[in-house]
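According to TrEMBL, the features are:
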SIGNAL    1-25  signal peptide
BINDING   D74, H182, T184, E350  Mg(2+) binding site
BINDING   D74, D355, H359, D396, H397, H480  Zn(2+) binding site
ACT_SITE  S124  active site, phosphoserine intermediate
Amino acid sequence: MNSQRRLVLSGLLCVLICDIGGVIGGVFRSPNSDDALFWRQQAESYLKRILQYEPNRRQGGAGVARNVIIFVGDGMGIASLSTGRIYKGQLAGRSGEEEVLSFDHFENTGFSKTYNTDRQVPDSAGTATAMFTGVKTKYGFIGVDYSATATNEVAASVSNIMEWAQAAGKRTGIVTTTRVTHATPAATFAHSFDRNWECEAKIPANVRNKTKDIARQLVENAPGNKMNVIMGGGRSAFGAAIPEHLKTAFKFNGSMEKTCVREDGRNLVKDWLVSKNGSEAAYVWNTAELMNAEVDDLDYLMGLFADTHMSYERVRDASEGGEPSLADMTEKAIRVLKRKHSNGYVLMVEGGRIDHAHHQNHAHLALREVVELDRAVERALGMVDLDDTLIMVTADHSHSMTFNGYPDRGNDILGFANRPDKLPYETITYANGPGFQTHRINDSSDQPSHLGTWIPVETMNRSAMDYRHLSAFYIGDETHGGEDVAVFATGPGSSLVRGTFEQNYIAYVMSYAGCMGPAKRFNAECFSKARVPSGATDTVRSASSQLLISIVFLAVAKLCYLH
C-alpha cells in the first residue's frame, strides 16, 4: 500500500473515530480546543497544581465541605465591589472607604478569567455554564458545550453542580432576584441552545417540538425537578402570572425588562405541585406566604414573587403582600436545605439585578443591589458552620462602569469626581450605554441650545429613580466588561481559591470540596472509611474505567492529527 493510500485511509479512520467520540460525549478536542474534555482537563490541571502548595500538602488536602453555597453578584466587577463597599458605609452615615463587605475578610481570594469560547467579553449564560459545569462555552449557551445546535442540546449537554450534588445525596436549591429561568440560575439545571428560550413562546416554531423551554426543564427534567428550593421571579414563563400584583410607579427600560409570556395554556406551577404529591411541598408568591411557610419541615419550596424579574431593592415593596429581600430568601432556603438525614446541600444565590441596573447606567440602583447581596452573605454566615460549609462569592462578569477622578475622601460615591472650582463630572461613569442620551441636548431636551452639546450635570435631577450616569458612547443597553473578576472563599476547600484561573475552575473547587462530581476522585478524604457512602467503590471503579477509555481514544486522536 503506497503512502498516499495510507494517508487517505488514516484520514477516513480519523473521521470515523472522531464521529464516534462525539457521539459518546465529546471525547476529542476540537481544532480550537474548546470541547468539554479540554476544559475539564484544564481545570483538573490547575486543581492539581494548587493541591501541591505547601498548606494543602501539609494538611493532606483542602478538606471536605458537607455544604456548599455559591453567591454570584451578576455583573459585580471590581469597580462595583469598590464603589459598593463605599456606598454601604455611606448608607450607614460613615465615610465609606474604610467599610468592609461581609466577604472581604474571607481568607482566600483569586481572580477568574471570564471570556466565552467565542467572545472576549462574555455574557451570563456562557459564564454561568463555566462556573457550574466546569466547561466553558459560547455566548448565549446554557448547560451545553461549544458544539450545540438548536436540535442537539441533549448530545451537547454537560453535567452541572446540582446533578453532582444530587447524585451524592445532597439537597439542592437556587435563589435569585431575576427570573428563575434567567441565564445564571438556568445554568444550574437547563441545557439550552439559546438563553432566551425561557418559555415556549420564544422558541422558533420549526424547532419547538424538538426541544424544551427552560421553564419546562426546571419542572420536568432532572436536576431541576429534584431541587428542594426554587426562589426568584418569573411567573409569566410558568403560565402563573398575577398581573395585578406589584404594580409600581417606576417603569424601567431596557431589554432586560422584557419577559417571556407562556402561550401554550399550561400552568407549570400547578404541574410542579402535582409532581410533588406525597411530599411536603409548598408554593408561595409573596413575602407573607414565604415568612409563614413551615420551612423547617418542607421537602420542597417554590417561590415566584414577580411575573418577571423581582424589583430593585430601592423600589421593592417590603410589605407582606410584596416581595421578600434576597437576605430573607437566602435564610429560608438554608432552613429548607438543612436536614440531618441528608448528605448536606448545595445552594446557589444570585444578586442578579446588579447587572440589569448597570445595563441602563443606573449606578445608584446597582450599588444598592451590591449591598443587598452583601446582606445575604452576612445572613448565611450567621446560619452555617464554616467547619463543614464552603462559601464562595464571585461575579460572572464585569461591566463598563468606571470609578474615576480625584474626589475627596468621604465624598458622595454617587457625586462629583473633582473639586468645585473645576467643570464637574461624576465619580462613576460608563464607557457606553443609554446615559449618553440622558446627558446630551437633543430635540426633546428642555435645555437652551446656547449651553452647547451637553446638559450641565449639576443642573440635572440626579436623585431621580431613573437617573442615568453619563456614558461615553450611546447604546440602548450598556455592555459587560471583559476584565477578570474576584473570587472570595471561606470554609473547607477554600484554600483552592488562589491565583488567576479560568472561570470553569470554580466548578472544580466545589466538586473537590463537596465530594461530588468529576473532581471528587482527587480528594482522598472523600473515600476515608468515615465518609464512603454505599456504592462509592462502584463509582470510583466506573470513573477509573471512563478515564482509561478516554486515554485510549485520546491516543488514537493524536495519531489522527499527526496526519
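Here the Cβ of each residue, glycine as well, is placed from N, Cα and C on the backbone.
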Just name the winner among H182, H359, H397, H480 (the binding-site residues) by count of other CB atoms within 10 A of its CB.
H182
Give the distance between the Cα atoms of the residue listed as 'active site, phosphoserine intermediate' and D355 (Zn(2+) binding site), rounded to the nearest whole Å.
9
Extra residues within 8 Å (Cβ to Cβ centroid of D74, D355, H359, D396, H397, H480), Zn(2+):
G75, D123, S124, T127, I354, H358, A395, S398, H399
Of D74, H182, T184, i.e. the binding-site residues, those within 10 Å of D355 (Zn(2+) binding site) when Cα atoms are compared:
D74
Between T184 (Mg(2+) binding site) and D396 (Zn(2+) binding site), find the distance joining the two CA atoms and give it rounded to the nearest Å.
8
Roughly how many Å separate the Cα of D396 (Zn(2+) binding site) from that of E350 (Mg(2+) binding site), to the nearest whole number?
10
Out of D74, H182, E350, the binding-site residues in the record, which is closest to H397 (Zn(2+) binding site) when you go by Cα distance?
D74
